[in-house]
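Participant: Following this message is one structure expressed as structure tokens.
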Amino acid sequence: MVTVGHPLVFAVGILGNILSFLVTLAPVPTFYRVYKKKSTESFQSVPYVVALLSAMLWLYYALLSTDVLLLSINAIACVVESVYLAIYLVYAPKDAMVFTMKLLCIMNMGLFGAMVAFLQFSVEGQRRVSIAGGIGAAFALAVFVAPLAIIRQVIRTKSVEFMPFWLSFFLTISAVAWFFYGLLLKDLFVAMPNVLGLLFGLAQMGLYFVYRNPKKNGAVSEMQVVAQAAADAEKEQQQAHQQAHVAATLDADGEVRTSADDGANKDDVVVDIMPPLPLPAERAPPLALAPPAVIIPQPRTVEVV
């Protein structure tokens, strides 16, 4: 299946190569930021590991089917994705680096190596090409499902902040080019996955035009949502912490001194206890009377003349 001899197919394939190359270069600003900050921050390596595996599968299929244009773009994609992962491994923290290395060993070396070994030694002829194309198409369908997370995020936040228009545009046009390329070659393994890619691309562009005006749609930035949630959680935690550490103590002067925790409020609130009011006269208890005085007569002395 050498496509150089078919002018129309070759032109469509060249267009697909150019568009796919532009899509492959989309993460360049991200990794330039990683290089400048010397940190991967919160970026994940899984999308790049999956993209590398997809390029490897299609590269193997292109070798079996002798498709020059499919071979060229996937060879470039393998190199570019490998550079991305190398930069990631250099600046990633230890846990992320170990996880990425395990993922590469399991998926890109283990699974891919086992598949190639099985097809090379157990399957022959056109059947080998069909199985390799079927595996590549199935994996491409799984990769095309990834935009569902972006679409959900756009609908939830009503913002296209994390869905650049040009990336969605080039993904859509690339899917169109590769669909017609596979259709002209009568290669359903290339054409069919790009139908799903075209549908998701059109959905992303439609959402972009719906939510492109953030003020009109009441869009909320993802960073604003996270910051507001963190602020609310911190405020609730401070209130609960303050209420839990409020204690009342009674001092020697008959005053109740309520002291809050030192981190919440260092001023003490002093509450005076008023003496009890006197009871009314009719309800006052009777006064205790002193016992009556006892007069003891003195004996008289009678003088005898």
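Cβ atoms are placed via backbone N, Cα and C, with glycine included.
As annotated in TrEMBL:
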type     : residues : note
TRANSMEM : 6-25     : transmembrane segment
TRANSMEM : 46-63    : transmembrane segment
TRANSMEM : 69-91    : transmembrane segment
TRANSMEM : 103-123  : transmembrane segment
TRANSMEM : 129-151  : transmembrane segment
TRANSMEM : 163-184  : transmembrane segment
TRANSMEM : 190-211  : transmembrane segment
Participant: Other than its close neighbours in sequence, what residues sit by the transmembrane segment (163-184), given a CB gap under 8 Å and a spacing of at least six beyond its ends?
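Facilitator: Counting only partners 6 or more residues beyond its ends, the transmembrane segment (163-184) has Cβ contacts under 8 Å with 6, 8-9, 12-13, 15-16, 19-20, 22-23, 26, 69, 150, 153-154, 190-192, 194-195, 197-198, 201-202, 204-205, 207-208, 212.
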Participant: Pairs 6 or more apart in sequence, C-beta under 8 angstroms, 3 or more of them: is that satisfied by the transmembrane segment (46-63) and the transmembrane segment (129-151)?
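Facilitator: Yes, since the transmembrane segment (46-63) and the transmembrane segment (129-151) share at least 3 Cβ pairs closer than 8 Å, they count as touching.
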Participant: Who are the long-range neighbours of the transmembrane segment (129-151) in its own chain, taking Cβ under 8 Å and residues 6 or more past its ends?
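Facilitator: Long-range Cβ neighbours of the transmembrane segment (129-151): 47, 50-51, 53-54, 57-58, 60-61, 64-65, 115, 119, 123, 162-163, 187-190, 192-194, 196-197, 200-201, 203-204, 207.
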